[in-house]
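So the structure is just underneath, and the comments pick up after that.
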Amino acid sequence: MMTSSVNVVDRLRAKFRIRSELLRCALCEFVCTAFFMYIGFSANANYVLLRQPEHQYFAAQFAWGLAHLFAVQMGFGISGSHLNPAVSFFQYSFGRIGLDRLLLYSVAQFLGAFCGAALTFLTYYDGINSFDGGHRQVYGPNATAGIFATYPRDYLSVTGAIIDQIACTIVLCICVSLITEKRNQIPKYLQPFFLGLMICIIGMAVANAANGMNPARDFGPRLFTFFAGYGSEVFSYRNYSWFWIPIVCPMIGAIVGSWGYQLLIGIHFEDDEKVMILPFAAKTFENSVDNTRI
């Protein structure tokens, strides 16, 4: 008796695979963003709930970087794993994606971040209750809202916060641009590694306001904490002068960083010039990522 050579996964693919390429990409952005945020917020939860000293901060940032590496790898061949409306926005500004894709990706990323926060909250529900006694707090020694959304350090002014969020997103988008630049010849299979390393570096270096640089990473979880018992203070913190900054400013930083890279570096490559960043890169140049993805 002959058995079918088509395995279960192939059968599921044939029957349930989404036919619309745009919807497949949006689903990919949702899943990859949720995965990324769940790991990152869980790292934050470990850091906060165990009352780790400041010098342990780098461990949480390392976890964020590894989470980003795997999240990017997961969807790199489908949507490009933007995971960030600011990244999608600068790709739109270059004409690499359309307005419909920008909007759908952004919605998927916000929903993914919301769900990632919800999963972390469920995972660490007992720990959060033990830490704050069931009284959800936005600031103070028993605050846990910072596990999910970003909040500035006490010394940071509104002007300083704006500069911080623009600056860290500029660095982010410069790095994304140079890593995915074809003529830099970074092989596609290594790009997720460098993108994850980029998140580690920014997280360790720019810590004024918990490294927002991603509107979905901040607003989605902030909205979740509003519904999860933290109340309107997640928006009214500092008299409503903070919550909008990690939403608006990364979009500005994305344009400045990506266009700045292109104007100062990208357009100055010779047409046939290839920069040997890695000794074996020339052999894999044809496999480099298409710039229409991240």
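FYI, residue positions are counted from 1 along the chain as it appears here.
Cβ from N, Cα, C; glycine included.
As recorded in TrEMBL, the features of this protein are as follows:
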TRANSMEM  21-41  transmembrane segment
TRANSMEM  61-81  transmembrane segment
TRANSMEM  102-125  transmembrane segment
TRANSMEM  155-180  transmembrane segment
TRANSMEM  192-210  transmembrane segment
TRANSMEM  242-264  transmembrane segment
Stretch with greatest number of CB pairs under 8 Å, the transmembrane segment (242-264) reference, 61-81, 102-125, 155-180, 192-210 candidates: 155-180
Top Cβ-contact partner of the transmembrane segment (21-41) among 61-81, 102-125, 155-180 (pairs under 8 Å): 102-125
Interface-richest range of 61-81, 102-125, 192-210 toward the transmembrane segment (155-180), CB pairs under 8 Å: 192-210
Same-chain residues at least 6 beyond the ends of the transmembrane segment (102-125) whose Cβ lies under 8 Å from its Cβ atoms: 22-23, 25-27, 29-38, 40-42, 44-45, 49, 79, 82-85, 88-89, 91-92, 147-148, 214-217, 219-221, 223-225, 228
